[in-house]
Amino acid sequence: MLFIHFTFLAAAVSALPSSTNLAARQTCTSPRLRKSWSKATVEERLAYLEAAVCITKKPSRLNKHKDATLHDDFAYTHALLNYDIHSFAGFLPWHRYFVMVYEQALEECGYKGTAMYWDWVADSDNATLSAVWDPVTGFGGNGQGTGNHGNHAPPVQDGPFKDFRPLYSETNVDQHRLCRNWNRGFGDNKELFGHRYTPQAVSEVLADTTYDGFRDLLEGGPHASVHFGVAVGSGVGKIGDLVPSSSPNDPLFFLHHGMVDRLWWIWQQADESRTNAYDGFHRPPQSNPGGPQGPPVTLDDILPMGDLAPEGIVRDYMDTRSAHLCYEYPKWEYD
Ligand SMILES: *[C@@H]1O[C@H](CO)[C@@H](O)[C@H](O)[C@H]1NC(C)=O
Ligand SMILES: [Cu+2]
């Protein structure tokens with residue numbers, strides 16, 4: 001087992017981004033600005049999409065299955081680590097690192113820009129009207145019609161990912177068409193659960209002054225609502241790709257987590273001491289999830305990345321102006 005593991009690791013390391021990309025990040029003199037999708041130029045959006053499609057065709061780094069692509073590696077890694085990267089303090093730095101690994105994969109596909117974000121706070125009034133759903137300059141729209149099997153929602157019929165066939169469902173091989181199942185709102189709810197990520201709702205999340213309190217509200221509130229709003233329609237038993245642990249199957253995942261990361265950045269900007277604010281406890285062991293909580297988290301905790309990329313350390317992913325990251329976001333701009 002160990003031998004096989006190291007063989008995979010060696011293959012993964014040799015497929016990592018070229019050293020020039022990494023070298024460019026060793027000092028951060030002028031951080032790059034990550035843009036909102038709706039504010040990027042058409043050329044920038046098309047360049048991003050071209051590279052994102054390229055990732056869905058590139059060979060796998062993990063080499064776990066003959067039909068796997070580099071994009072499938074992201075979904076598989078996220079699903080494999082699911083328990084260790086959600087519902088505790090590590091959620092934010094882990095996903096910050098994961099989006100950066102994806103940004104480096106976009107660069108390997110020739111993209112020169114930065115990761116971007118879906119500003120769902122700005123779109124919360126009616127999120128079905130967002131620029132991210134555009135069939136040409138976006139990720140295509142809701143799933144429609146038939147063509148999927150099992151528990152999968154209707155397939156996405158337009159946009160650059162209509163021919164993409166995600167390989168995994170959670171960590172199981174289960175090739176299918178990319179699918180979405182928008183929650184169209186019911187009762188007092190807005191489209192795609194937008195009432196949970198209005199400027200007012202998100203301000204309340206940002207008002208929490210403790211790191212892990214803020215993380216918990218963000219993860220369980222706006223973050224989860226967008227996942228469910230895109231992928232779980234009311235009264236329909238079929239789920240879209242943005243919901244199970246293989247949620248990076250939907251390339252929109254990386255724009256969604258860009259926004260989650262931006263909100264953490266905005267929270268950090270409110271006070272200098274927040275750059276390295278990190279507290280809370282590890283989850284109970286996965287073998288006994290109802291058991292007593294684990295030890296306190298520390299900045300020296302490891303961010304596992306499976307065989308997709310080298311493991312990280314939390315302290316390297318706290319400051320977006322660190323050499324590992326070197327980017328910023330637009331400030332809060334809704335009141
Ligand atoms: C949101 O926009 C869609 C598309 O125009 C429309 O069909 C729907 O009724 C709108 N929803 C609400 C709650 O206004
Ligand atoms: Cu996640």
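Using the three backbone atoms N, Cα and C, a Cβ is placed for every residue, glycine included.
Per TrEMBL, the range carrying the annotation region 'Disordered' out of 180-203, 276-299 is 276-299. Mean pLDDT, taken over the domain 'Tyrosinase copper-binding' (86-103), works out to 98 on the 0 to 100 scale.
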